[in-house]
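Colleague: Annotation comment: TrEMBL describes A:34-53, A:65-85, A:106-129, A:149-168, A:180-200, A:220-238, A:259-281, A:309-330, A:361-379, A:391-415, A:435-456, A:462-481 as transmembrane segment.
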Amino acid sequence: MNTQTHHHEKDKQDLNKFGYAQELLRSMGGFSNFAISFSIISILTGAVSLYGHGLTYGGAGMMGFGWPLVALFVMIVAASMAELASAIPTAGALYHWASILKNKRWGWYTAWINLIGQIGIVAGIDYSVALFADPLLSDVFGYSSTNTTILICFAVILLSHGILNHVGIRSVSRLNDFSAWYHIVIVIVLVVSLAFFSKGSLNSVDYLFKVGETFSDKPYMFAFLIGLLQAQWTFTGFDASAHTIEETVNPRVRAPWGIFTSVAYSFVFGFIMLAIVTLSIQDAGAATGADNAFIYVISEALGGDFGRVILWLVTAAMWFCGLSSITSFSRMMYAFSRDKGMPFSKQWAQISKKFRTPAKAIWLSVVLSFLLALIDYIIKRNNPDTTYTTIAFLTAVSVVGLYVAYGIPILLKLIAKSQGKFQAKHLGPWHLGKYSDIIGILGLLWIVFISVIMVIPPNEMAGYALGGMIIVLIIMDFAYYKNHFPGPQAALGTSMAEILRREKELESNPSGGSGISHNG
Amino acid sequence: MALGIGIALIAVTCLFALWIVRLAGNNVRNFDESKHESFIGK
């Protein structure tokens with residue numbers, strides 16, 4: 001038996017222990033697992049699309065201080081999550097961890113909060129692509145870019161991601177691998193271009209750490225905290241390495257590395273990119289006053305045509321980011337539906353026999369993300385005087401939703417450990433040893449801190465939206481799911497014969513048919 | 001002053017990342033599968 005076959009069999013047995021059949025195609029290697037998180041973090045999406053936000057509130061110092069500060073604490077959170085991924089390697093990840101560490105209701109709330117964050121992140125990413133692509137397309141085709149054309153562009157981008165994700169994990173996995181290299185190459189191209197064309201006019205390094213200058217009407221310290229959204233939103237989505245864990249070979253080692261190293265490498269390359277872009281700013285006031293500060297800075301530094309080429313390359317990187325985010329979102333929804341946690345769960349848990357992908361969950365991800373942006377579009381159309389930006393709204397929703405969902409299992413693991421339920425023998429190969437608790441506590445403190453920061457004015461609309469969604473969840477819970485959600489624990493009762501039957505059914509019919517669903 | 005603090009912050013962040021890589025890497029290498037038990041909440 002070769003090493004690969006041995007890993008496949010061991011990974012399948014590990015999954016079977018939790019009562020689940022190996023339904024998804026397990027073909028992702030370590031780099032692919034890293035690549036999907038690195039692509040969703042996408043320094044060329046978050047850091048770029050919210051560059052104006054960071055610069056407006058925190059000035060140049062936001063890039064010098066804000067980025068590494070946020071990165072440090074996000075790495076602390078990521079390390080705690082990586083440890084859990086190694087211990088409990090199932091696609092449900094966050095919600096599955098919460099269910100097993102405490103009970104099914106904690107898991108149910110974690111899943112929904114994570115889903116809300118995932119809707120926000122997919123919508124935020126693809127809306128960012130549209131915000132960059134639409135003005136560039138309007139230059140080419142000679143039309144005026146408006147909120148309506150941006151929304152149409154957004155819908156087309158979502159559609160392209162839905163189709164590719166439906167067609168198969170192999171092609172998406174290859175594109176994710178390509179995306180990781182693409183991000184690195186584009187950052188290098190951007191850095192070299194700016195260094196070459198701006199070498200005579202670059203600011204001194206001191207400028208990168210300039211504090212006290214804000215282009216908002218808020219006091220500097222307060223403005224600086226609001227500006228942290230730029231870095232904090234960029235560092236989201238690394239749970240994708242855990243959501244694709246049932247498609248990864250040797251996941252107890254590779255998924256945790258994917259989670260942690262995707263954050264670490266994003267910090268390094270993101271800092272290099274932000275540093276050179278910020279050092280090439282000639283007039284920060286004019287940049288923050290422009291429609292898009294990043295486009296303004298690049299156009300000023302590199303000139304019209306070359307600047308546009310760079311912006312197209314950056315937009316393509318954002319597109320890759322959106323592709324990966326739908327993969328992650330749909331896997332989470334598939335796992336949650338497999339445990340009957342959503343309305344019409346049976347539908348969303350279906351696997352396409354032809355492509356071995358959760359096809360219906362993929363399309364639901366697309367529809368929900370579009371609806372979130374559509375609602376915001378309608379609100380703005382009826383209230384043209386609203387002051388918040390769509391991108392800040394979407395990103396704040398995703399940051400709070402995702403980080404609260406990241407924090408719940410970390411908290412529950414600390415509690416389970418203090419009660420003696422979770423012991424050293426339960427840890428996977430990737431763990432933090434005696435530093436596990438202190439790293440977990442620091443991560444939780446950061447999550448509480450940023451969850452508050454992200455919903456204070458001017459982002460209070462995100463707070464209202466999240467509050468409203470939590471109320472709906474509580475109603476759903478008490479009205480139905482409190483008594484009817486079986487949770488992942490129910491799967492433990494699945495017989496090995498039933499698990500093998502499901503696996504055989506998929507293997508014996510690799511093409512044709514619309515899908516396989518979960519019974520009973 | 002701000003430059004010094006900023007560089008120190010970046011250095012701390014980099015050192016933290018390297019420390020975690022080393023810590024977890026050692027633990028992966030020294031993992032004993034025979035002592036492991038899946039945590040299934042029971």
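Backbone N, Cα and C atoms are what each Cβ position is placed from, and that goes for glycine too.
Please treat TrEMBL annotations as automatic predictions, because they have not gone through curation.
Worth saying up front: this structure is predicted, and the values here are computed from it rather than measured.
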Colleague: Going along the chain, which residues at least six beyond the ends of the transmembrane segment (A:361-379) come within the CB cut-off of under 8 Å?
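Modeller: Cβ under 8 Å, 6 or more out: 118-120, 122-123, 126-127, 147-148, 151, 154-155, 158-159, 161-162, 165-166, 326, 329-331, 333-334, 337, 348-349, 386, 390, 393-394, 397.
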Colleague: Residues sitting near the transmembrane segment (A:34-53): Cβ under 8 Å, six or more positions beyond its termini, same chain?
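Modeller: For the transmembrane segment (A:34-53), the list is 28, 67, 121, 125, 128-129, 131-132, 173, 176-177, 179-180, 183, 186-187, 227, 229-231, 233-241, 244, 254, 257-259, 261-263, 265-266, 269-270, 273-274, 277, 287-288, 290, 292-294, 297, 314, 317-318, 320-321, 323-325, 327-328, 389, 391-392, 395.
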Colleague: So if I exclude everything within five residues of the ends of the transmembrane segment (A:462-481), which remaining residues of that chain have a CB under 8 angstroms from its CBs? That is, six or more out.
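Modeller: Contacts with the transmembrane segment (A:462-481): 105, 108-109, 112-113, 116, 341, 392-393, 396-397, 400-401, 454-456.
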Colleague: Is it the case that the transmembrane segment (A:220-238) and the transmembrane segment (A:149-168) touch, counting contact as three or more CB pairs under 8 Å in which the residues of each pair are 6 or more positions apart?
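Modeller: With fewer than 3 qualifying Cβ pairs, these stretches do not touch.
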Colleague: Out of A:65-85, A:106-129, A:149-168, A:180-200, A:391-415, what stretch is closest in contact terms to the transmembrane segment (A:309-330), meaning most Cβ pairs under 8 angstroms?
Modeller: A:106-129
Colleague: Does the transmembrane segment (A:435-456) come near the transmembrane segment (A:149-168), with 3+ Cβ pairs under 8 Å (pairs 6 or more apart)?
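Modeller: With fewer than 3 qualifying Cβ pairs, these stretches do not touch.
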Colleague: Which residues, given as numbers and ranges, are at least 6 beyond the ends of the transmembrane segment (A:65-85) yet have a Cβ under 8 Å from it?
Modeller: 47, 54, 58, 93, 97, 209, 211, 224, 227-228, 230-232, 235, 238-239, 241-242, 245, 251-252, 255-257, 259-260, 262-264, 266-267, 270-271, 274, 403, 406-407, 409-410, 413, 427-428, 430-432, 436, 439-440, 442-443, 446-447
Colleague: Check for me, if you would, whether the transmembrane segment (A:259-281) reaches the transmembrane segment (A:180-200) - at least 3 Cβ pairs under 8 Å, residues 6 or more apart in sequence.
Modeller: yes
Colleague: Give residue numbers and ranges for long-range contacts of the transmembrane segment (A:391-415): same chain, 6 or more residues beyond its ends, CB-CB under 8 A.
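Modeller: Long-range Cβ neighbours of the transmembrane segment (A:391-415): 46, 49-50, 53, 77, 80-81, 84, 94-95, 97-98, 101-102, 106, 109-111, 113-121, 123-124, 127-128, 131, 229, 232-233, 236-237, 239, 372-373, 376, 422, 437, 440-441, 443-444, 447-448, 450-451, 454-455, 458-459, 461-463, 465-466.
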